[in-house]
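Participant: Here it is, the structure in full.
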Amino acid sequence: MLEVFFLGTGGIMPTRERNVPAIALRYKGEIILFDAGEGTIRQMNTAKLSPMKVDKIFITHFHGDHYLGIPALIQTMNLWDRQKPLHIYGPKYTFQFVQNLLNSGFFRPGFDIHVHELGETRLKFGDYEIWSFKVEHGIPALGYVFKEKDRRGKFLKEKLREYGLEEGPILGKLEREGKIEWNGRIIRLEDVTGPRRKGLKIVYTGDTEPCERVKLFSERADLLIHEATYLNPGDRGDSYHSTVEEACDTARRAKVKLLALFHRAFRYSYEDYVEEALKICESLGVRAVVPRDFDVITFKSGTWELRNLLEERE
C-alpha cells in the first residue's frame, strides 16, 4: 500500500483554504517529502504524520513556497531529540541554500544533515527508486519519479501442488533465494508464480511550463501530480507555469492512469477552478482529480481511492 498526502496544494502564497506545496508519500512506514513550503510542519501535525519518520526531503526548486518550511521541520526534529540523519535532495545550489537556512539563527541541529545536489539521476532505496529529471521553470528545477520495484507474481496453487510444495518456511526460502532443491528437483520461483506485478509509479513535476521531459518520465504512471497554475494561457503571462489544458495534454500523451492538478493560483476559488478544470480534462479524455489540502490518495491491490482527512474527523 502507498498513500499520497496533499499537505499543501496552492501556489505562490498560503491562503485561508490552502497552504503552499508539500506532498508526502507514506510507504512501508517511511514518509518521503516532496517540497516543504512554509507551514509544512503544521500541515503534517494536522495530518498526524510524524516528522521523525521523514528521512528524505526532495526539493524541486528554490522559490520560497517550495522550501521555506525546511527550517521549522529541522528544528522540530531536533526538539524531539532526533538521532538519525536527514537527507535533503535538490537541484544545483541546494547545498548553498541549506547552509544559509542553518546559519540564519542561533541554532545547530543535533543530528547529521546530508545534502545531495542532483542532475538527472536514479537513486535506489530498497524496494523503490527515485528518479530526478529537469523541468523548465527559468531557474534550476527538477521533477521526481517514485518507482516501486516490480513484485513477484502470486503463488499459483496448482503449481505448488504439482511440485509438492505447501505454504510455510520452504516458500519463504524460495522467495529469498529464487530457487530451491525439493524432492530431487530444482524449482525456480518463476515455476510456481504468475506474471510479475508492476510496481507503482508516481510522478511529481514541481513548477514547470510544458516540456517533453515531463511526458517522457511520466509514461504510464499510476499518478502524475502536475502543476496547473492557470486555467487559461491569458492568465499565465510570461511566467514559467502550466495551464490545466497543458497538464492534461501531457497526461494524455503519456498514457497516465490518473492526473492530479495542483499549485493553482490564489486568484481562483476551489469551486470555480475545479469545475472548469474537470471540464477541460473530460474533454481531453483524461481522468483527473483536483486535490484539496489534506486529501489522500491510497493505492492498494491495483486500485485507488481519494479521501479527505478533515472530513473523516467530522
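Any Cβ shown, glycine's included, is placed from N, Cα and C.
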Participant: Going by the Zn(2+) 1 site in Swiss-Prot, where H61, H63, H137 are listed, which of the candidates D207, D222, D235, D238 is also part of it?
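Facilitator: Looking through D207, D222, D235, D238, the residue Swiss-Prot assigns to the Zn(2+) 1 site is D207.
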Participant: Around the C-beta of D207 (Zn(2+) 1 binding site), how many further C-beta atoms are within 10 angstroms, looking at every protein chain?
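Facilitator: Other Cβ atoms found within 10 Å: 27.
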Participant: So which binding-site residues out of H61, H63, H137, D207 end up within 10 angstroms of H263 (Zn(2+) 2 binding site), measuring C-alpha to C-alpha?
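Facilitator: Cα within 10 Å of H263 (Zn(2+) 2 binding site): D207.
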Participant: Whole-number Å only: compute the distance from the Cα of D65 (Zn(2+) 2 binding site) to the Cα of D207 (Zn(2+) 1 binding site).
Facilitator: 11
Participant: Excluding H61, H63, H137, D207, please set out which residues of the same chain place their CB within 8 Å of the center of the CB atoms of the Zn(2+) 1 site, keeping sequence order.
Facilitator: T60, F62, H66, G138, I139, A141, G206, T208, Y240
Participant: Around the C-beta of H63 (Zn(2+) 1 binding site), how many further C-beta atoms are within 10 angstroms, looking at every protein chain?
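Facilitator: Counting Cβ neighbours of H63 (Zn(2+) 1 binding site) within 10 Å gives 20.
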